[in-house]
Every structure is written in C-alpha cells, then in structure tokens.
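> First, the structure itself, so that you have it in front of you.
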Amino acid sequence: MTEAARTEPLLRVRGLEGWYGESHVLHGIDFDVHEGEVVTLLGRNGAGKTSTLLGIMGILPRRAGSVTFEGVETIGMQPRQIARQGIAICPEERGIFSSLSVEENLMLPPRIKDGGLSVERIYDLFPNLRERRRSQGTKLSGGEQQMLAIARILRTGSRLLLLDEPTEGLAPVIVQQIGHTIGALKSEGFTIVLVEQNFRFAASVADRHHVVEQGRVIDVIPNAELDANMDKLHGYLGV
Amino acid sequence: MFDLLGISPQVLMGQLLLGLINGSFYAVLSLGLAVIFGLLNIINFAHGALYMMGAFVAWMLLSYLGVGYWWALILSPLIVGVFGIVLERTMLSRLYKLDHLYGLLLTFGLALIIQGLFRNYYGISGLPYQIPEALSGGQNLGFMFLPNYRAWVVAASAVVCFGTWFMIEKTRLGAYLRAATENPVLVGAFGINVPLMIMLTYGFGVALAGFAGVLAAPIYSVNPNMGADLIIVVFAVVVIGGMGSIMGAILTGYVLGLVEGLTRVFYPEGSAVVIFVIMAIVLLIKPEGLFGKAA
Ligand SMILES: Nc1ncnc2c1ncn2[C@@H]1O[C@H](COP(=O)(O)OP(=O)(O)O)[C@@H](O)[C@H]1O
Ligand SMILES: [Mg+2]
C-alpha cells in the first residue's frame, strides 16, 4: 500500500454519473484526491472533464453516484452547501462579472472557513490585479481575467480548488506565470483538481493524471511515470 | 420671454412641478420593476396593484387602527413587501425556469385579482386621505406657490431612489445582487444563498411600490384603480429606459415626468400620449431602450 492509499482521501469520487436533460454524459467517474495533491483530468474535447468538475460542485443539472469531501457525502447537496464544505471552482469560461469592478469580483465569494489568503497576499501573487483593482472586471486582458478567477477563490478558505483549463488561449509567458502560481498554491497546502488540454503544462505542476474518455476515467498515470507512458497518452489525447 | 409664447411663468413652473411629482412616482415604480426584472427575470405586472395596496394599507392603518401617516410610511411598505414575499415563495418561484411570458401572465392575473378584491370591498369612488399635519400648507416662492406635501414627495422619492441606487451600485450586498443578476449559478456555487436573495429582492421591489402608494395617498384619492392607470405609463417608461440599468430607470422616470409636464404647457392635447409616442420612437431607433444593453 502506498502512503496516499492509507489515509482517507480529501475528495473521493465514485461512480459519478451526470446528465444534461436527456443526454447522459458521465458514466461512472472514479478517482481520489488526497490533501495537498495536485491532480489533473486530461482528455479530448467533450470527454466530460468540465462536467466532472460541475458534478463535484453540484452544478450539473442531474447527477448520481457518490462524491465525498472530508468523508462527508455531498451528492444530495445544493451547490451552495457544497461550496460551504470548502470546495471552490474556477470555471472554464472564467465567470468574471462585468457589472463588478476587479476588486468587487475579488471580494465576491464569501469566506467559508479560516485560513484563506489575505487580500494583500493575493495582490502580491497577482500584482496586475492590484494595479487594476478599480477597473471593470471584464476590461481586463484574458490572462488577467484568468488570474482574477483563480485569485478570488483563494480568499475563501476553501482547501479544494477545481480549476478548469486555466491556461486555455493564453500566451506562453502567462501560462508560465499560472504554472508558478499553482506551484505556490501547492506549497501553501491547497489541494487542486486541474482540467488541462496542455499536458506539458500539466506535467510541470501535477502529481498524478487521470485520463477521461466518454465520461469515465480510463487510466491513471503518476507524474513520475509520464515519460514511460507518453505513447499511450498521445493515443488517448489524439495528439 | 415666456410672454412671447403666451405662457406665464406660473403656469410653466406649476406644470413642471406637477411633472416632477409624476416623475417621482414613475422613478420609484420603474426602479422597483428594474430591480425585480434584473434578478428574477419577471416582468412584474402586479406592481401597480401593489402600489395601490400600499395606499390602501396606509388608509386602513389610519381608519381601523388610528395609525398615522409617518408610521404608515414604514409599515405599509413592510406589509406590502411581506405580501410580495408570500407571492414569490408560493407562486413566482415556480416560474424562474420558464419563459418571461409566464411571469408576466401570472403577475397580470394577480393584479386583476388584487384590484378586483379591493374594488369589491371599497368600490371605485375613492377614499380620502388627509395630508399629515406637519406637511400641510405651502411656501410662496414668489414665482409660484409650492405645497409642502408636494415638495416632500419629490424629496422623499429622490432619497429613496438615491439610496436604492447606492445600495445596489456601491455596497457589498449590491455586488452580490449585480453578480447574481449576471450569473446566478456561479454565485450559488460560491456559497451564496441566491434563492434567499431573490425572495428578498422581490420583497424589496414591491415594498418600493408600496412606499410610492403611501406617498400618493394624500395626493390622489385612494382608489382600487389608481395602480392600473399608472402602471401602463410606468411600463412605457421602463421600455424607454431599458430594463438593464438602475440609474436608467430612475433618470428616465424623472425626465419623462418633466417631458409630460412641458407637453401639458405647450401642447396640452398631446400630454396623455407623449410618453407612448416617445416609446414608439425609442423602440424603432434603439429597441433595447436608452440605457439598456443590447441583448
Ligand atoms: N450544457 C450542456 N448541455 C448539453 N450537453 C452538454 C452541455 N455541456 C456539455 N455537454 C456535453 O457533455 C459532454 C461532455 O462535455 P464537457 O464536460 O464539457 O467535456 P470537456 O470539458 O471534457 O471538453 C459533451 O458531449 C458535451 O457536448
Ligand atoms: Mg471543458
């Protein structure tokens, strides 16, 4: 038994199924995330990565199976109750509010628990946001909006962060900056589920990768074994 | 200068004041509609009936319980607000996932029922409500006579409009409201109780209507139809201003009240239709309204 398997996982997903109306998109997702880990969900477009995060958060219109967080079953809870357990999402479309200033966007998610980052610490991590805190949220560049979307969930005290493709469509230098940020968050003890298409980026930040295909996790690859599994992974991702 | 046009300054100022009073009611009512529409996506056709209810509750408080104007100014909006919350919990909350049309039909039906009930019990002749002692009389400004109560209506509605605008645009609570208007799902996923906010917002929006009703009680007679007459104009105001903006709803309300007053001076025959003419023009040129965001 490995070290990780002996302790209770922070997040435990078992047989998670999900639907949009009649359309059945998750067919039994299984994976565990332990305290302090960064894990990825990799997979082609439409594989069900975003839906998995929405399923964990309770936003998916209909879901079944089991999602426990700190040992508590959340499958019957409303999204706001799940958030209050200490899970926070940075959505794929970023969800920056145009009628709110940068600072209002940052301050929007309420504090759930103690132990979140202070606003000063957040502005130190993202100096651009401090400079532009009076601007309208959606006037920021794409990269700045992405940083804002990550920054605002760090204040809340949530220990599990769900990040949906934070590097999508961003310039390499900004991707690098987000990589550093994720590294910094990991060393602060945050637990992160990261959805990625860019697996070179994923390899630079994660402990373990879960390959999602047609609404199932079909393979799990520890980051240390990534090189040995490169051909297989290329096959899964079709790159 | 006025004499050239054959209009005395007294007439002009008098009509402008009347326009400002009407504009005050348009502003408070269209503000409530805009707040409700923003978060609930419901066009609250019951707004006029709830305004009428605000006036009636003030009248009932006085006639049955001896509770005077100043208390009524607080109690009546509270009572109307709680009534609105009951409507929201029991009926409106079932419609949020459906098309706007359902909310409009339901609230229209509710308006007819509420008005019908009051008409049944109180008739349509109208009940008098005295101007409170402290606000009777008026000021002679030299160029015109300004009744104190009318000055109070203008001031009170301006304060309420400004306070509401400030709360929505400048406070933490307002930021929740604006965010939930844009993306309620995400706001809920941050742990905020959006259904509670929706309920309180509807309560607040209709309490504004109730407040306007109390302000109106001493000016217009308290009458079951008073809301039905007014709400048609207020809807035109909302269409002109556009549903999207709080400040837009307020400004459009005041400006159109004044425009109506000026029309009464220069072209009295047109005063009843001028707002609808403007509405038609705005719909042709900028269908989303002057302050609205293009859909
Ligand atoms: N809002 C939606 N309504 C209906 N089907 C959806 C919706 N969002 C995603 N889907 C479908 O669900 C499947 C999984 O999508 P998604 O979870 O977004 O994949 P990924 O994030 O891996 O690209 C796809 O087939 C997609 O078409
Ligand atoms: Mg996705």
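Numbering starts at 1 and runs along the chain as displayed.
Note that Cβ sites are derived from N, Cα and C of the backbone, with glycine treated the same way.
The feature transmembrane segment is assigned by TrEMBL to B:12-35, B:42-62, B:68-87, B:99-118, B:149-168, B:200-220, B:232-259, B:265-285.
Can you tell me where each of these features sits in this structure?
Non-local neighbours of the transmembrane segment (B:12-35) in the same chain are 2, 43-44, 47-48, 51, 143-144, 146, 150, 153-154, 157-158, 160-161, 164-165, 168, 201, 204-206, 208-209, 211-212, 215-216, 219, 230-231, 233-235, 237-238, 241, 243-246, 248-262, 264-265; each lies 6+ residues outside the stretch with a CB under 8 Å from one of its CB atoms.
Under 8 Å from some Cβ of the transmembrane segment (B:149-168) lie the Cβ atoms of residues 17, 20-21, 24-25, 27-28, 31, 35, 131-132, 135-136, 138-139, 174, 177-178, 208, 211-212, 215, 218-219, 246-247, 250, all in the same chain and six or more residues away from its ends.
Counting only same-chain residues 6+ beyond the ends of the transmembrane segment (B:200-220), those with a CB under 8 A from a CB of the stretch are 21, 24-25, 28-29, 31-33, 35-36, 39-40, 44, 46-48, 50-59, 69, 72-73, 76-85, 87-88, 92, 126, 129-132, 149-150, 153, 156-157, 160, 164, 177, 226-227.
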> Let me spell it out: take the transmembrane segment (B:265-285), skip the flanking residues so only those 6+ beyond its ends count, and list any with a Cβ under 8 Å from a Cβ in it.
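Non-local partners: 5, 7, 11-12, 15, 233, 236-237, 239-240, 256, 259.
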> By Cβ distance under 8 Å, which residues at least 6 away from the ends of the transmembrane segment (B:99-118) in the same chain are close to it?
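Counting only partners 6 or more residues beyond its ends, the transmembrane segment (B:99-118) has Cβ contacts under 8 Å with 40-50, 52-53, 56, 87, 91-92, 224-225, 227-228, 231.
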